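Data first, discussion second: the structure below is written as structure tokens.
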Amino acid sequence: MEFFYALALIAGILVAFILLVLIATSYDSFKAKIPPEVDQPSKLSLYHYFYTLVEILAKTSESLGIFKEHILIRLICGGLPAFRDSKLFIKDLHFDGVPVRIYLPRLPSASKWRGVIFFHGGCGMYGGIRSHERVCRYIARESDSVVMSVGYRLSPECKYPAQNLDCLTAAVHFLKTAENYGVDPDRIIVCGDSVGGTFTANVCQELANRTDIPKIRAQVMIYPFLQALNFNLPSHQKNAFTALLSLERTVRYMLKYLNKDCSLKEALLAGSHVPESVNLKYRKWINPDLIPEKFKQDYEPPLPTPCVPQIHEETKELFETRISPLLAEDAVICRLPEACIITCEHDVLRDDGLLYKKRLEDNNVKVTWYHIEEGFHG
């Protein structure tokens, strides 16, 4: 027995030593800006350090040939199984091949339920139905609605745009069959956080001109990623080093999601992927001048950067509306359902939400905007 205790002690010391070495060699990765006014700064610090350590372990495991980086991150950050919910019926189904989970209130209703189609965040590579289980249960209970959570396929195993297509397929199926679940087809909203907000915007745009299915009642985007042209907006500068989602991590994950070489990161941050003609075309929609002045404190306009044709050619997907819904034409935007956009002050993606809010309002689409002054991404 003493032998096993000694073996366990040695193993524990070895693991602790490896972790210390990883932390020491990756010290810069742990550095992050924790704004003093942020909500629960100690919790943000804890989340940041934990996630950064997981990321370092994942990169190390991939370099040693043990695990692919994204696999280990999924295993650790995938969320814990939730317990049975006394207020909800929960069903796992497939809608035209796409896995979904339906949350139905147990108490009967005098009228048909409202419906919520939910797309989870996670950069298109992480997360899933389980990681957002508690969020979806909360929405179903508090809004007294039927919630459908979509388990779209993840990159890099399933290449872009498989994720968008799965979200669209599941949404169309639910809209067509809503009454089977006691849902009023005229009271269905689409909702998503982070890249789930991207999918929300894209699905609504894709369905804007469809007449064969019920219209989506509203779209809810929680700190969404909406454009990949300009990474030098005020929120990018202000929150470039903010904990959890830095600007560098945002661009690196976007490249990994698209199965691109991460060495392109610096070129994208500088804007070398955008031809002058494209900049001129879209500056009416993506421009720091469109951001309200109160959000531009200490903002410094970047120096112009010439486009590198090879970089542009390698990153053409960034100009598609599936990645950058902000680039959709006015003829599409004006037909979108009313929106609720949630932004956080300490979020690198804050200005994406602000710019989309303006685009929608300019096209006479009603917008409810909720800005969390002490909030951060995730």
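These residue numbers are counts, starting from 1, taken along the chain as shown.
For all residues, glycine too, the Cβ spot is worked out from N, Cα and C.
Summarising the annotation, TrEMBL assigns transmembrane segment to 6-27. Feature annotation from TrEMBL assigns domain 'Alpha/beta hydrolase fold-3' to 116-261, 320-378. For Ser194, Asp347, His377, the entry in TrEMBL reads active site.
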Distance check, please: Cα of Asp347 (active site) against Cα of Ser194 (active site), rounded to an integer number of angstrom. 11
List the helix, strand and coil residue totals of the domain 'Alpha/beta hydrolase fold-3' (116-261) as derived from DSSP. 59 helix, 27 strand, 60 coil
Between His377 (active site) and Ser194 (active site), what C-alpha distance do you get in Å? 8
For Ser194 (active site), which residues of its chain lie six or more apart in sequence with Cβ-Cβ distance below 8 Å? Gly121, Gly122, Cys123, Ile222, Tyr223, Pro224, Phe225, Leu349, His377, Gly378
What is the Cβ neighbour count of His377 (active site) at a 10 Å cut-off, with all protein chains included? 23
For the domain 'Alpha/beta hydrolase fold-3' (320-378), the averaged pLDDT of the predicted model is 97
